[in-house]
Amino acid sequence: MILGVIYDLLRWEEKNLIQEARKLGHTVIPIYTKDFYYFYNNDSNETLGDLDVVIQRNTSHARAVITSTIFENLSYKTINDSSTLIKCENKLYTLSLLSKHGIRVPKTIVAFSKEKALELANKLSYPVVIKPVEGSWGRMVARAIDEDTLRNFLEYQEYTTLQFRYIYLIQEFVKKPDRDIRIFTIGDEAPVGIYRVNSRNWKTNTALGAKAEPLKIDEELQDLALKVKDIIGGFFLGIDVFEDPERGYIINEVNGVPEYKNTVRVNNFNVSEYLIRKIEEWIKK
């Protein structure tokens, strides 16, 4: 099998993915995005050869979507495809799809003026969480304890360069324990995950200091993860889940280019090898 791995930053995951693929006897062609280009309707494009699959590993959402689109235009199988990446990156798109199919998500308000956002936030009761429509690693996600705090956050958002700065996404503050769950779907399975524990901060992103711990996946969580995968699409997803003491599992977000270094470390589970073997099965079908 010939694999292309496209990346803009060579992190542990990309290095491990290339290493494990080569260990399994596959040919890997690393593609550095900043050196990559494409001319539409032009014969001067450099050929990438007979790639069986391109694995998308760009950290930049824009680069990921556009390069996946190019590879799809060239008829390469791409993990993940551009449609999946768009659904994952846009939180309102994700929430809309999941709620439409009966998946429990945080109570969410979307408003198009600051005044309406402030008015509707009272229906959720404080504290509330404000987050950008697009973004990752917990950046620009804030908790407002009252209306005055929320107003300040909304005004700050308006003066940023965010693409959706005049769209206000406000959610309930889910009273989860000092942790959340990241569970991975690979192909048609949900084989591994972690708890992300942070007793010092309400944000549970490992990028913000949360500690990874092994996750024992129960049947309900596994079924839920696979339902989300079927709705969103994609071959390799990282799904973030809250545990509400009364309502049970709540899907928070879905990541289309998930990091997994900490998952490998605490579970002693080779995510890269598992992913490659599932790709092998997929290609043979």
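A Cβ is built for glycine as well, from the same backbone N, Cα and C atoms used for every other residue.
What Swiss-Prot records for this protein:
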{"type": "BINDING", "residues": "LYS91, LYS131, 135-141, 171-182, ARG196, ASN205", "note": "ATP binding site"}
{"type": "BINDING", "residues": "ASP240, GLU253", "note": "Mg(2+) 1 binding site"}
{"type": "BINDING", "residues": "GLU253, ASN255", "note": "Mg(2+) 2 binding site"}
{"type": "DOMAIN", "residues": "95-280", "note": "domain 'ATP-grasp'"}
Based on Cβ atoms within 10 Å, give me the single least packed residue among the binding-site residues LYS91, ARG139, ARG196.
ARG139
Of the binding-site residues listed here (ASP240, GLU253, ASN255), which is spatially closest to GLN171 (ATP binding site) when Cα positions are compared?
GLU253
Could you tell me the C-alpha distance between PRO177 (ATP binding site) and ASP240 (Mg(2+) 1 binding site) in angstrom, no decimals?
14
Among the binding-site residues ASP180, ASP240, GLU253, whose Cβ has the fewest other Cβ atoms within 10 Å?
ASP240
Looking only at the binding-site residues LYS91, ARG139, ASP180, ARG196, GLU253 (Mg(2+) 1 binding site) has its closest CA neighbour at LYS91
Cα of VAL174 (ATP binding site) to Cα of ASP240 (Mg(2+) 1 binding site), in Å and rounded, measures 13
Sequence-ordered binding-site residues within 10 Å (Cα) of ASN255 (Mg(2+) 2 binding site), taken from SER136, ARG139, ASP180, ARG196, ASP240, are SER136, ASP240
Over the span of the domain 'ATP-grasp' (95-280), how high is the average pLDDT in this prediction?
94
Validating a neighbour-count step here. Other CB atoms within 10 A of the CB of VAL174 (ATP binding site): how many?
18
To the nearest whole angstrom, state the Cα distance for the pair LYS91 (ATP binding site) and ASP240 (Mg(2+) 1 binding site).
12
Of the binding-site residues listed here (SER136, ARG139, ASP180, ARG196), which is spatially closest to ASP240 (Mg(2+) 1 binding site) when Cα positions are compared?
ASP180
Counting every protein chain present, what is the number of Cβ atoms, excluding its own, within 10 Å of the Cβ of SER136 (ATP binding site)?
18
For LYS91 (ATP binding site), which DSSP three-state class applies?
helix
